[in-house]
Each structure stands twice: as C-alpha cells, then as structure tokens.
Amino acid sequence: MGTKVTLKCATDFLRVTKQYLPHLARLCLISTFLEDGIRMWFQWNEQKDYIDATWGCGYFLATCFVLLNLTGQLGGCVLILSRHFVQYACFGLFGIIALQTVAYSILWDIKFLMRNLALGGGLLLLLAESRSEGKSMFAGVPSMGESSPKQYMQLGGRVLLVLMFMTLLHFDPSFFSILQNMVGTALIILVAIGFKTKLAALTLVIWLLAINVYFNAFWAVPAYKPMHDFLKYDFFQTTSVIGGLLLVVALGPGGVSMDEKKKEW
C-alpha cells in the first residue's frame, strides 16, 4: 500500500513539473561550470599564479589556461541555457573537465576523480537530450525507434552519475551509516540498471540535496577561510550531479534499461 502511494505521489509530481523540470535540470547541471568560470574572473591572479607555480609553465601559458577555463565555461553555460549549439557546448565542457583533471592533479585523487566522472555523466545526459530535441524537429519523418547512440549515452550517463554516491558511503559500524549505505546502494543500483528509474532518481535527488545543504554549507564559513572555497566548489559540483539526476527523471532511463525491456515482455 505504501509503495503504491509513493508511486502515485511521484507520478503526480512528474506530471505537474513536466514542463519545468528539464529547465531546472539544465540550470543545476551547469551551476558548477558557471560558478567556476566566475571564480576564474575574480581570482584571476591567484589561479594564474597557482598554475605557474605547480607546472612551471610560465606567465603566458598560465594566462592561456585561466582564460580558456573562463571563456570555455561561461560560454558553454550561455549556449546551454539559450539552447543554441548545445552539443558543441557539451563537448567544450567535456574538454574543460579533462583539462582541469590533469591541471589540478585530480587524476590521482579517487574521490574528486569519481565526482568529475559523475559530472561528465550529467553532460552525457544533456547531450542525449539535445539529440532528442534535434530529432523532434523532423516530426513527420518515419523512425525505426530510438537511436542507439542516444540509448548508450543515457546508459553511460546513468552509470557515471552514480559514482557521486559511491564517494558518500561511510564505512563505520554505526547503525545510521549502515542503513544509509544500504539504502543508497540499492538506489544506485536501480538507477544504474534502469529499474523504477524515475522514482529511484527522484529519491536520490532529495537525498543528495539534503546531504549537500547539510555538509557543504559554505555560506556558514567566512569567505577568507580556505574551507569556504572548498565547500563552495563541492556544493556546486554536487548541484550539477543533482541536475543530471533531474534529467534522468525528466527523460527516463532510455532504451538500454530494465524499464524499457519490461515493455517488451
């Protein structure tokens, strides 16, 4: 009985928010790029000096790196929000993620690497959405079904998104941690395999939103403390993953999923 009530509530929520959910998802998804691009502007000298000191690349290359990050991220955000050249913007932001992973040595930090991969998963889902919108322009053209590239982009996006939650698992013997790990792992698996996908993704959105506000409250830390920037970065990166999950809720799991296969049974 409780499950049926939950499913009905989720269905009602999706019906009411259907028109607005994709817009909210895109805004959340690009939030970390928008924040980081603005930070590059206000911390221009600090960012440039850090890159020069870390890599010894000189003033010119360090300046080019910061400028590329600033223009690439802000430009990509503008294109995505305006719904113009979305696919090119996604590829550009993929490049920014790869560039920052190397430049800031994230490649050797498993936690941050997994979160960057989760962010890439959100971009994959946005790329799948843009392909879907492109095809909808040719409404009168017969179709053999959903294109394979879109299906596998949605699958890859779902699988990468759940990496965020693997970084939130706590390995201690307390009852609350064990319960949280069990529930979180179950929801992660459901999203990854595409079973009851929208409900599982919506539940993860609520859970991750609560964790984000509680643990990454950068506004409660004075701006001059290093922890402020760390929490702010983590907050917006988590918000971007929430945007990716909202896209899963809005678009569904795609063709490569148990939800889709059930329709054939």
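Residue numbers in this text run from 1 along the chain shown.
Note that Cβ sites are derived from N, Cα and C of the backbone, with glycine treated the same way.
Because TrEMBL annotations are produced automatically, they should be read as predictions rather than curated entries.
Tertiary proximity for the transmembrane segment (59-81) is limited to same-chain residues at least six positions away from its ends with a CB under 8 Å from its CB atoms, namely 26-27, 29-30, 33-34, 36-38, 40-41, 44, 47-49, 51-52, 88-90, 92-93, 95-96, 99-100, 103, 126. Annotation source TrEMBL lists transmembrane segment at 59-81 (among others).
According to TrEMBL, the transmembrane segment annotation covers 88-107 (among others). Note on the transmembrane segment (88-107): residues 30, 33, 51, 54-55, 65, 68-69, 72-73, 75-77, 79-80, 113, 116, 119-120, 123, 126-127, 130 of its chain, located 6 or more positions outside it, place their CB under 8 angstroms from a CB of the stretch.
Under 8 Å from some Cβ of the transmembrane segment (175-195) lie the Cβ atoms of residues 155, 158-159, 161-162, 165-166, 168-169, 201, 203-204, 207, 245, 248, 253-254, 256-260, all in the same chain and six or more residues away from its ends. Sequence annotations record features per position, and here TrEMBL assigns transmembrane segment to 175-195 (among others).
Long-range contacts of the transmembrane segment (202-223) within the same chain: residues 10, 13-14, 164-165, 168, 184, 187-188, 191, 229, 231-232, 234-235, 238-239, 241-242, 245-246, 249, each at least 6 residues beyond the stretch ends and with a Cβ under 8 Å from a Cβ of the stretch. Among the features that TrEMBL reports, transmembrane segment is placed at 202-223 (among others).
Sequence-distant contacts of the transmembrane segment (235-256) (same chain, six or more residues past either end, CB-CB distance under 8 Å): 14, 18, 21-22, 24-36, 115, 118-119, 121-123, 125-126, 128-129, 132, 145-146, 148, 150-155, 157-158, 161, 164, 191, 194, 197-198, 201-202, 204-205, 208-209, 211-212, 216-218. The transmembrane segment feature in TrEMBL is assigned to 235-256 (among others).
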